Amino acid sequence: MSEKKGSSWTLLLDYGPLLVFFAAYKFAGSGLQGTLAATLAFMVAAVISIIVGLVVVKRVSPMVWLSTALIVGFGAITLYLRDPKFIQMKPTIIYLLFTATLFVGLLKRKPLLKWLFGPVFPGLTDDGWLKLSRNWAVFFLVLAVANEVMRATVTFDTWLTLKVWGVSIVSFIFAVANMPMLLRHGLDTDAKNEVAKGAPVE
C-alpha cells in the first residue's frame, strides 16, 4: 500500500467511529434511547476500526488502542446503567491519561508522544518531539477541562456536536500551529501534510 493511501486509511479509521457516533445519534433521535443506540454504534465502529487498521494498514497506534478500550469500557457502563454521563466522561479520562503520560515523559526527557502518535513525523529530532510533547500535554489538559465544563453545562446533543466538530477543528488548528516549530527541528518537509493528521480524535 502506498504511503498516501495508508495515510488516508489512517485518517478515516481515526475519525470514522466518532462520525458514526454522531450520525447514529442524529438518526436514532434525541433522548435516552437515541443516546444508547449511538453509544452502541460507537463501540462497534471503534472495534471495526481496530480490525480494519490491523488488516489494511497493518498498524494501530497505542493512542487508538487505548481510546478504543475506553470507548468499549465506558460505553458498556453507559448501556448497563442507562446513563450517558459515562460515555461523556471518556474523553476527559483519555485526555488526562495522555497529559499524565506526556508530563512523565518530559520529566524523564523521553518524547513519549512519539510512542503515542507513532511514526507520523519523520525526521523530527528528539528535542522537537519533547517540545511537541510539552505542547500537546498542555493542550490535552485544556481539552479535559473543556470537556468537563461542556458535560456539566450543555445538553448531550450540544456536547456531541461540539465534540465532533468543535474539538476536531480546534485540534486541527493546534496541530497546524505547531508546524513552524516542527520544521525548525528537522521535520521532513515532504511529511508536513501529516501534521494535521496527527491531531488526536477522541
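Glycine is no exception: its Cβ is also placed from the backbone N, Cα and C atoms.
Feature annotations, reproduced from TrEMBL:
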type: TRANSMEM; residues: 6-25; note: transmembrane segment
type: TRANSMEM; residues: 37-57; note: transmembrane segment
type: TRANSMEM; residues: 63-81; note: transmembrane segment
type: TRANSMEM; residues: 93-112; note: transmembrane segment
type: TRANSMEM; residues: 132-150; note: transmembrane segment
type: TRANSMEM; residues: 162-183; note: transmembrane segment
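By the Cβ criterion (under 8 Å, sequence separation of 6 or more), the transmembrane segment (162-183) is in contact with the transmembrane segment (6-25), since 3+ such pairs are found. Annotation: stretch 93-112 has the most Cβ pairs under 8 Å to the transmembrane segment (132-150), among 6-25, 63-81, 93-112. Residues 13-14, 17, 35-36, 39-40, 42-43, 46-47, 49-50, 53, 87, 89-90, 93-94, 97-98, 116-118, 200, 202 of the same chain sit 6 or more residues outside the transmembrane segment (63-81) yet have a Cβ under 8 Å from a Cβ within it.
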